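S.K.: Sharing the feature lines straight out of TrEMBL:
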type     : residues : note
TRANSMEM : 689-719  : transmembrane segment
TRANSMEM : 740-761  : transmembrane segment
TRANSMEM : 767-791  : transmembrane segment
TRANSMEM : 811-833  : transmembrane segment
TRANSMEM : 853-875  : transmembrane segment
DOMAIN   : 859-931  : domain 'Potassium channel'
TRANSMEM : 882-899  : transmembrane segment
TRANSMEM : 905-924  : transmembrane segment
TRANSMEM : 981-1005 : transmembrane segment
Amino acid sequence: MYPTNAKSFHPFSYSGGFVPGTRYDMVINMCRGLDGVYYEQHLRSSSLSRPFSGLRAGEAGLDELLEYEHSLSELRNSQGLQPARYVGVAKTDTQFQKYFKDIWATILANKPRTGFELTPGVAVGSGMPLEVLVKREYGAYKAVNVAMHDTVGVPLLSEEYLLNCLKVPPEMVADLAVSHRNVVRDLPASYPEGLYEGRGIVFVGGGKFSWLSLLGIENLRATGSKLPVELIFPTEAEYEEMLCEKVLPDLNAKCVLLTERVPEFRKHKYTIRGYQYKILALLVSSFEQVLFLDSDNVPVANPDAIFVSEPFTSHGMVTWPDFWRRVTHPTYYKVVDRELGNEQVRNNIDDVTPNKYYARDTGHAFSSMPLHDRAGALPDPSSESGQIAVDKRTHLRALLLALYYNYYGPQQYYPLFSQGGAGEGDKETFVAAAQHFGLPFYHVRKAVDVIGYWQLQPEEHYTGVGMIQYDPVVDYKLVAAYKDWFSAREKEHERRQASFIGRLRDWWAGDVVYDPARTFTGWFNKTNSRPMFVHSNFPKLDPVSLRKDDFLFVTNGGARKRVRMYSDQSGLDFDYELRQWQFIKKHFCDKAIDLNYLRVAGVTSLDYCDFIEQELEFLENSQHLGTQESLQEDGFVDSAFRSLTESTMEEPAPIARMTSRIQEYYDSLLNNADWNVANLEVRPGQPTFVVWFVLSSYFPLICGCLGPLSNLLSVAAVICNWKEDKATGKPAGADESWCYTVNTISMVCGVAANICLLLNYRRKMNYHYAQIVSIAGWFVASIMLMLLVAIYHVEFLRHEHYVRYSYSYGFWFAVFTVLLHFANFVLLSLNILGVLLKKYPPVFNIDGVQNTLILQTMFFVTWMMWGAGMFTALLHVSYGEALYFSITTILTIGLGDFVPQTSGAQTLTLLWCIVGLVAFGLIISTIRELVMFSSASTFYWHRLQMFRGLELKNAPPNLSNQESFNRMKNASRKAMRYERVFSTLTILTSWTAFWLLGSLMFTVYEGWASLETIQNLSMLRKTNVSHSDESDSHEAILHHLQNLKEASNLDIFSTKEYLSASSFATELASYNDSSCHHPEHSERAALRKDFNLAAHESLKPRFRKKNDPLLSKMSQIQQIIIELRKSTFLSNIKPDFKYSFQDWSQFLSLTDLNTGSDFWLGKKSPFGFPNDEPLYFTYHFLHALDRKLHELALQYDQMN
């Protein structure tokens, strides 16, 4: 415990002692401040009848003030408290007072005459309507909050858009321009020698922020930082005696009183509060090079190297990003007399890549170009000022101008900078001031991340409690590495582009030098970046408010349960939350710290010890998801670069970051399905998921397969005559010219639509433009051809052509072309509907496998067209008959009605068939893969989430771990059984429907008897064996049916494994989820035999030393290796093996992933996704082994 007796003021290890106040000011401000509130209540109820709240300077003599000081001392003594101790004014403080006197005079002399009313602004999320909600010309305003990663449904923050948010009157612009110009002219460019010196870190205290600052300083020292610290107090009343005189000196920190260094800040009309203290703290700190930290901003890595490393050494100022894009009002640039260029000089955060790569790719005209991508504008993203590093030698004028911006911030500059957007305040003033003077600053590129926990009820959601900001030194090296990488990539691309083959290869592979959406932004990720600060801003790490507002508990099934607020600590090298509560216990319980805000609340720190001990016990017995790295696909970041970035960390943690978050494990291993579920706004388990998933993925895929087929038929419809002579069966001569002309135009529209569709697939054409052309092309083609068919039919009947002629191949090809063209039109129209409703981004939700299927289909159709042309000459038949021969030869063993007679024709037919069969076989393989995987993973995932939600909803409170485990297993089995039965029934239904439809068509058109139709077409042709006992006078119909029937056959063949499995009959017979084990076969017994587990028991070491921590750790490692061997074996020979609850309990114990019952039914459950359990075990055992080996090495190193 800290000593209670007063000691002399502790000297500091660096110059600039504590800032004092006079006894007069001390008493007055004690009456006004936090102490005054507390003591006034006691004074009014005591024998001291004279109120003191009305005292003002000059209204009472010194004797009266001394009398009140004596009264306050009596009250303090009666409460067991000691008065705050002040010392004389330091020489440094008089220097500050003299220096800032003229600065304040300059700022006050240039007060703007106009400003906005302080009415609340309205911030609109990106998913909400974008219209102006409040249309008052002065006062309330709004700006949309556009996250840096948002690409769907957000406005383009152009100059035009940003002008229509806050309405800034012209007279205000002119007034601010005059004020700004005068201030810039009169601000000093230097400071007196000796005013600032050295390097250090600054916090702002007062109230509970004094405690939070102490917590930040403790964490700072835990990182190994040696830099001195100053804690700035705004007023005398907020001064903390025990903290300043007994606690901070031991941490190489001291207190500074703002009012003693800049007394003018309280002598004006406006009240300085909140954000405005930051710039004052930076300016009154004694350090020449200073890192400011918000009091709730906790260092998690040593920041000392910032001051001696790039980018600080060359830039002099380092800032960090916020979540949002910048929404600064365009009139701000008029205020500061800054002309913006018309050129796009950056793409989002990318100002490194030459703009020739993205300026032409954005597709934006100047009028719709993002304002802050233009030359001269402030760069994206907006700033987060919870931390800022600055060198006053180079950036003094920027800080003084930022003081002006902040002083007149609430009514003038804050609205201009942020327009009511998220976090409006001081955060943009530092970058704006530096830019105005042309001073360099480095804006960290790595995006800010959220840290928090998953909450299951009342509905499942992620609760963020803090923000992670990253090391600028590593970030700067990443930028340098990107420049080198991109330069090499650019040269290699130019080399390939020098040849036609290289250009063709790049075009076909979709290889571009620069992808505006990810090339630069994807360079920075959690794997290669280093967390430096955790801004624990909601809730604050204050035991008083945490207990009062019940932040540490959540309700699950009606029961209150403790929760780890920082359960997801990816990238941190230690248990962040546990460390904070250890520091809380140290000061609240072990040291019994006395703080003003505790006294105001009428409590002491010791009152919270039981609460703190309970939380510590919970944290020590639960497991966070920390000491981890994100498992991300770096894509273009090669292993050499990753090695380079890992070696750039100045002070690597003793235990390396390992394993990924469970969610990221799912994201990487889930892709049994090749569908990109992450692109959808709806998630698996939501009622409309299947609808939007099918529209985004299946519809483009189906269209990509039908499009080439419709073009094949449309070409045949143009080449072939539409009528034939009944007597001879030969074409009846050329069609009418109007028929041929309209038919050709329709064919061209369809081909153009298909070409744009292919370019859309390959992302060689803007999605919206390609969709417009494809949808319009197929719509026009289908309508034109449909009208042509109708008119031709009318003319055919009107001229009584049916007496002599009948419809030939060309007519029926045209009929089916109309159907396919219109189907493509409908499919693409429904696909773009989801984009317009913002259900998924403007891109086809397909990947490489589906893309391959489309290319295979196009090649196959092209091969068919070429073969039909060849067989026209070889077999001396019409193009329609040749196409019929091509299709039946590939899809069946041939009908025998057309046979090549010459050896040359037979040889060419053989070679053509070989290539065609290979192409068709590839299509079969791809379709089978897609059908099986989409059924087995994506839709299963959806069903699983639905059943999980039902289990979660119906779960009683206080479930045990095993009950929760069994319920989730039950949901998993139900989902798998439901999906298999549903898939099988769907395939059988579609196969049967096609069977009956084909039979009906040939009964109508050929006049076959129903039984003959079913036998001849549906059974014999479907098995690819055909008799020649019937003639097909309508081969055109057969062409189409033979192509479509293969899809239904493939669906059935793809479920062969499941249909043939004994589990299918078992699952259909029993929908009960009770677990039963067949006595004649035990997988667990077989496994025990394979691995000789009894022998493994003998491997347990019998060490002579008992309770030795190193030997205990080695024993754990040996057990992990044994279990790793088993899981690796199973993942290869039986990947669908299911572990028991005991197996999972042992797994969680060995990997230190001990969790509560809500884990099994939560979103992080291992059973919440398609998952092979042995592979899951193998993955986590490997990373647990890695972690424990590092821990063992560290433990051994510390012992020696």
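Placed from the backbone N, Cα and C atoms, the Cβ positions cover glycine too.
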S.K.: Need one number: mean pLDDT over the domain 'Potassium channel' (859-931).
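M.R.: That stretch averages a pLDDT of 83.
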S.K.: Using a Cβ cut-off of under 8 Å, list the residues of the same chain at least 6 residues beyond the transmembrane segment (740-761) that approach it.
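M.R.: Answer is 700, 703-704, 707-708, 710-711, 714-715, 717-718, 734, 767, 769-771, 773-778, 780-782, 784-785, 787-788, 814, 817, 821, 824, 828, 844, 846, 851, 854, 858.
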S.K.: With DSSP, how much of the domain 'Potassium channel' (859-931) is helix, how much strand and how much coil, in residues?
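M.R.: Taking each residue of the domain 'Potassium channel' (859-931) in turn, the totals are 59 helix, 0 strand, 14 coil.
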S.K.: Among 689-719, 853-875, 981-1005, point out the range having the most Cβ pairs under 8 angstroms from the transmembrane segment (905-924).
M.R.: 853-875
S.K.: Sort out the residues at least 6 away from either end of the transmembrane segment (689-719), same chain, that have Cβ-Cβ distances under 8 Å to it, and list them.
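M.R.: Beyond its ends, the transmembrane segment (689-719) has Cβ neighbours at 675-677, 679-683, 740, 743-744, 746-747, 750-751, 753-754, 757, 761, 778, 781, 785, 809-811, 813-814, 816-817, 820-821, 823-824, 827-828, 830-831, 833-834, 839-840, 844-846, 850, 853-854, 857-858, 860-862, 864-865, 868, 879-880, 883, 930, 938-939, 942, 1039-1040, 1043.
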